[in-house]
Amino acid sequence: MGLSDIPANYMQGSHPHLTLHPQQQHHQNQQHLQHLQQMQQLHNAMPTPAQQAAQVLAMESNELLMSTKDKLSSKKKMHLLKKIKKRFGLVRRSPSSCPGPNNLPPLQFHSVHGDNIRISRDGTLARRFESFCRAITFSARPVRINERICVKFAEISNNWNGGIRFGFTSNDPVTLEGTLPKYACPDLTNRPGFWAKALHEQYCEKDNILYYYVNGAGDVIYGINNEEKGVILTGIDTRSLLWTVIDIYGNCTGIEFLDSRIYMYQQQPAAIPMATVPAQQQQMPQPAANASSALNSHHPHQQSRRSLPGHTAAIEHDLERHVMPSLQSLHLAGNGGSVASVEQAAIAHDLANGLPPLRYNANGRLIPVPFHNTKGRNVRLSQDRFVASRTESDFCQGYVFTARPIRIGEKLIVQVLKTEQMYVGALALGLTSCNPAMLQPNDLPNDSDFLLDRPEYWVVSKDIAAAPQRGDEIAFFVAPNGEVSISKNNGPAVVVMHVDQSLQLWAFLDVYGSTQSLRMFRQQLPNMVAYPSQPQVNVNASSSSACNAASTSRMLPMTESMSSLNAGATAKLLHHPSQLSVAQSTSTLASAGGVNGSRMISMPSNGDILQIQPNGGGTVLVVNLPPASSSHDINGQLAARPTATVTSSGVLAGACSSGTLISTTSSQYIEQPIANSTNNAANKWKDSLSDQQSTDSSAECTICYENPIDSVLYMCGHMCMCYDCAIEQWRGVGGGQCPLCRAVIRDVIRTYTT
């Protein structure tokens with residue numbers, strides 16, 4: 001800065017004692033010049049007040065701008081992250097996590113509604129009394145932001161498809177009277193000011209409770225039974241009043257508005273915080289005597305415990321860690337400590353690996369079932385082949401097979417380990433006579449229905465469990481009459497299909513749709529024992545029977561005997577065919593075919609049948625035993641009864657007496673009684689069977705009642721119609737279903753009698 005940069009008033013007004021007149025410039029004092037130079041140097045060293053103010057303002061503005069940008073950037077990032085989490089349902093909230101108004105009256109239905117709607121119960125219950133549409137309803141008052149609408153599914157029908165549609169509208173329902181369309185989606189949603197979406201049909205179950213609300217950002221969050229599912233709608237205009245709109249569509253025929261305040265209060269967990277529990281109780285497991293009461297106290301909240309907030313996770317973990325082993329030890333106490341320790345070790349292993357313990361089928365000895373190496377291309381098996389998991393990016397090709405054929409009456413339990421609600425559909429169950437070892441991965445189609453086109457015997461039932469959840473247990477078994485029954489979570493068994501029980505069948509599962517991972521168990525039957533091959537039969541001798549004395553030990557030909565019982569090791573008589581039992585594990589089975597030809601004999605506890613199944617392959621022989629009423633007096637005639645042997649030709653070979661095979665089709669066997677006192681009962685039973693079979697063979701068609709039955713329905717296998725009526729039924733008359741079991745008819749096979 002030079003002299004030219006000095007303000008003009010600096011030399012004139014600011015410092016009058018330093019003012020220089022032009023006539024005195026040549027006569028200025030040297031001291032004055034030095035003083036001026038010093039003042040100029042000082043002026044150059046420090047900025048002017050204006051410059052100082054400008055610098056300060058610039059620095060403050062830069063700091064403010066930078067801090068504002070940083071704050072805005074961080075806020076935007078956090079807001080964007082939260083929005084992404086909410087959109088994908090990654091943020092789980094309980095009904096009390098989002099504050100909403102609690103001073104509003106309970107919701108009621110508006111007087112403006114669809115033609116098929118009837119309002120009752122003080123305006124809180126809406127029913128659709130006919131058809132499946134024209135059932136649009138509104139709330140009687142506008143709803144607030146974050147106000148939760150709780151809807152209970154009061155009535156459900158199975159005659160339709162689809163579920164309710166729900167959402168919001170900014171149009172006053174009064175203005176819509178007389179102009180409501182049939183459907184909310186898409187008739188109403190195509191108009192401005194309407195937002196609605198369909199609820200998945202799997203959630204539309206009786207007594208389920210749907211809750212939803214709209215937040216300030218215009219997102220609609222919904223949940224089922226106190227478990228939040230995520231965002232279902234976006235872009236709601238929250239600047240105006242909003243009424244909720246519900247279309248009672250499809251299978252949902254009746255809904256009820258619940259008071260959200262009461263519902264939220266009832267759903268609050270009543271768990272005791274861990275801090276209030278004494279240290280001794282936290283460290284020590286519960287006694288076995290108190291285990292049952294502990295479980296009963298938690299049982300009503302089992303469904304809600306799955307969605308409890310994170311602070312109760314420790315309580316749930318301790319419950320599974322201490323109570324469940326104690327409960328397992330209750331029914332295993334009589335079997336020895338080693339068995340109980342094995343069961344507890346298995347439960348501990350499951351909990352350590354994050355697998356849910358068995359809850360509904362814990363009674364009885366359960367054995368894990370390994371899966372076959374043959375599987376679908378999108379399935380991964382664990383190292384021990386006990387757990388099957390489908391890849392998350394695919395929804396099909398999840399086939400897994402049992403490693404061995406199943407047995408008649410054997411109970412198999414499938415436990416669901418993981419689900420994904422993004423996909424539609426669920427687990428499929430099937431049975432086949434095809435050995436999985438003969439299949440290639442390319443032989444398995446994406447849709448399990450196409451397995452029916454293969455030359456082998458295949459039966460499939462899709463969606464065996466409606467919307468399975470983690471921990472659900474689906475049990476199934478094949479009855480002696482070919483019925484395949486399924487029960488979910490130890491509920492009532494339902495017959496889903498009929499199979500040919502005379503074939504050797506492998507079970508298979510299609511880990512499809514929402515089902516992601518599962519494992520399988522089988523229940524050990526106490527009266528199903530595998531016997532080694534030992535081609536001889538020891539028959540107990542008795543002094544009261546001469547023929548038994550002559551044939552105490554009898555060798556059976558290798559080509560004749562299929563399987564028989566040897567009770568020599570147990571020194572016990574087989575009292576009657578209807579009372580066959582395996583007393584001890586030391587019993588042996590005389591079987592043909594060498595070491596590899598061992599057989600499996602199954603005698604259910606009801607004593608009505610005798611099942612003999614070859615492990616290496618072949619036809620399963622099922623013998624229907626006579627009723628116990630035709631038995632002779634055990635005390636008086638027991639010694640006169642020889643032990644019988646079931647042969648491959650269907651004839652019973654015994655020491656003195658032989659049996660009669662009534663029909664090779666039904667494999668019903670009658671043994672000729674020796675005692676005269678039993679002739680009448682046996683003859684009556686034989687005559688009744690003969691009359692029944694003659695009646696069945698000449699039975700009339702259940703449709704026309706004129707022609708005899710001469711057709712078989714595929715896949716259920718029922719014979720109830722003549723061929724002409726079956727063809728008409730198959731082509732759509734009556735819905736193309738079997739009139740007995742309502743199974744879909746896929747083919748009609750004509751039969752001929754000689």
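Cβ atoms here come from the backbone N, Cα and C positions, even for glycine.
According to Swiss-Prot, the listed position annotated as phosphoserine out of Ser338, Ser591, Ser666 is Ser338. When you go through Ser293, Ser341, Ser544, Ser658 in Swiss-Prot, the residue listed as phosphoserine is Ser341. The range from 77-105, 280-308 that Swiss-Prot describes as region 'Disordered' is residues 280-308. Break the zinc finger (701-742) down by DSSP state and the numbers are 8 helix, 6 strand, 28 coil.
Here the domain 'NHR 2' (368-523) has a mean pLDDT of 85 out of 100.
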